[in-house]
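> Would you mind keeping the following structure in view while I ask a few things?
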There are 2 protein chains.
Amino acid sequence: MTATQPFSSAEATAWARLVAVSELLPTMLDAQLQRDVELTHFEYLVLSVLASSPDRTSRMTRLASQTNATLPRLSHVARRLEEKGLLARFPCPQDKRATNARITDEGLAVLDRAAPGHVATVRSNVLDALAPGELDQLAAITASILSKLDPEGRLSATQCDAAKDRPEASARP
Amino acid sequence: MTATQPFSSAEATAWARLVAVSELLPTMLDAQLQRDVELTHFEYLVLSVLASSPDRTSRMTRLASQTNATLPRLSHVARRLEEKGLLARFPCPQDKRATNARITDEGLAVLDRAAPGHVATVRSNVLDALAPGELDQLAAITASILSKLDPEGRLSATQCDAAKDRPEASARP
DNA sequence: CCGCATTAGTTGTCATGACAACTAAGTCGT
DNA sequence: ACGACTTAGTTGTCATGACAACTAATGCGG
């Protein structure tokens, strides 16, 4: 009723589509990984971050920020992954408060089994859709948005520039 | 271990950031709306679609596709919104299988109360972050991705071009 | 070196989303 | 006009995420 017309037509379009993508993309990723290897996309992310971490190990807090998650969320997932034998937790010697998480050999195996299908899904649903030039635009736009969503730059993707520094790293997707 | 290097560095960066946005954005939207008006972002979307529908009414199936949701999901949410008095459901006279959902006066009131804060959040977290030109790039990129995620174009945002056709409509954000 | 604030994690509760199973109404072929 | 098929929607079950409350270890000021 109030006459305020908050978004311009162009803004409304872009916003509606971004919302749709944020809704559909996670669902699709979860569905594919669940179907193929009984893993959540978030679990996959956790494992893949660990796989490319020094000594296959990361502290819970750091792992949480690397995966854009809250600590409680990660803690629950770590327990489940541990029960499945894909991950091991052990106390950090230096700081007895802290917990280290390490991916097991079995975890690596599952990851290797999962990777091809996951990569194919990402390609066919996202990367292949982009016209030349749109990849860099997407990187720039998401960086802008993340700088607002995560001002402290605590979370992984914002630091993702760091990943660019080591292009030879055995980066799992 | 397998040497396949599935994503290029640029791809990995863009992808990681898109994943981060898809993770953080819905959480942030839910948090703001929940705090301010005890509404999920999805509930807000449902109400706002209804508010700009003819006769404030839409059929469940259509409403589901307009909000990028599955029918079961919408059904649950509709029941909750009905319990809160923000929405009314009644059988469609023409097709007795179908159910119409209409937003109530109270629903409109809540929506009006919610809109300013929501719009401000969207602006400050997303739209304001974009450099000139990036808005259109974002619209184009998300359109491309949606054409893969939702090939049939069943869901709202893909049809969002239709929204462009009626720029004077009392579109709620 | 003692107490208070801070940091690291874990656990419990509750709401929400996906999926499957089900009911009911319309449609189509013969 | 009758039985099979399809469409519309609802409901139940289960897993997952957010948030709050809790425990435990560290660090800092006096």
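Each position is counted from 1, following the chain as shown.
Glycine residues also receive a Cβ, built from the backbone N, Cα and C atoms like all the rest.
TrEMBL labels come from automatic prediction, so no person has curated them.
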> Out of B:74-93, B:134-153, B:154-173, let me know the one TrEMBL marks region 'Disordered'.
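Per TrEMBL, the stretch marked region 'Disordered' is B:154-173.
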> Average pLDDT across the domain 'HTH marR-type' (B:11-147)?
94
